[in-house]
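**Student:** Quick one: structure below, then a few questions.
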Amino acid sequence: MSWFIRKEKGIITPTEMKREAPDGLWYQCPNCKKIMHTREHKLNAYTCVHCNYHEKIGSEAYFGLLFNDNQFTELDADMTSADPLKFTDTKAYPDRVRSTIKKTGLKDAVRTAYGKMNEVDITIACMDFAFIGGSMGSVVGEKIARAIDHSLQTKTPFLMISRSGGARMMEAGFSLMQMAKTSAKLALLSEAGIPYISLLTDPTTGGVTASFAMLGDFNIAEPEALIGFAGPRVIRETIGKDLPKGFQSAEFVLEHGFLDFIVDRKDLKDKVSSLLQMLQ
Ligand SMILES: [Zn+2]
């Protein structure tokens, strides 16, 4: 391979001459580091074709995966957050919200919609971690409450897809009230005998786990999702002991009786719709 060895030294290619694959053509799995086509990855429900790592995705991808032909009607699409506490940390809260809206193209950390999933009419609420860590503030609580109202009015099952760091600190007590509000709405759904399925994805923690995410008629999770209330560091320091292996993984939580089953994202649509058909 002598022709392959560079004879002259110091050959520098200017940046503009370098050829690159178009952005977004390839996807590198953060778990096994293997490379695949973005298209192939998307067709595989955003899971790695080599190691089945489930990439963290948001509402746009989930709606595309679940609603037939990506057809759905969004509820309360323009609801945005107020600033009841005039809260400032490194930034004023309204500035943080505005810049996050601009950066993500989302209005808050949850989107709600209804449509058809296989043969089933369904209402789905899906959290977006990209919006301030999927934190639950007043808008998240209100949109979920209204989506449950929609389920009640139309007698369609409700699917909640959670991915959240917990309550939104910038709304303090107002965030915590959302736990009671969403739980009360879910109680009405239960009284009406309408099924509620809660899907916990990586990560689901804090006030979200402590309220609607664990109140499903079926609580299900994606493989290896981190599920917990407090973070492992806090728990370790509190109990002063090392934590067992795999602590707070979906598999661990399933084994300890807090989940009904774990579902591979590629099977999510078919499994959930056939489960709901059985319940009808
Ligand atoms: Zn992989």
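Glycine residues also receive a Cβ, built from the backbone N, Cα and C atoms like all the rest.
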**Student:** Suppose you had to name the range TrEMBL annotates as zinc finger; which of 29-51, 52-74, 75-97, 121-143 would you pick?
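**Tutor:** The listed stretch tagged zinc finger in TrEMBL is 29-51.
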**Student:** Among all the protein chains here, how many other CB atoms are within 10 A of the CB of CYS29 (Zn(2+) binding site)?
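**Tutor:** The answer is 18 other Cβ atoms.
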**Student:** For the binding-site residues CYS32, CYS48, CYS51, which Cβ has the most other Cβ atoms within 10 Å, all shown protein chains included?
**Tutor:** CYS48
**Student:** Is the zinc finger (29-51) packed against any residues at least 6 beyond its ends, judged by a Cβ distance under 8 Å, and which are they?
**Tutor:** 57, 61, 65, 264-266, 268
**Student:** What are the DSSP helix, strand and coil residue counts for the zinc finger (29-51)?
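**Tutor:** Here the numbers are 6 helix, 4 strand, 13 coil.
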**Student:** In this predicted model, what is the average pLDDT of the domain 'CoA carboxyltransferase N-terminal' (25-280)?
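**Tutor:** Result for the domain 'CoA carboxyltransferase N-terminal' (25-280): average pLDDT 96.
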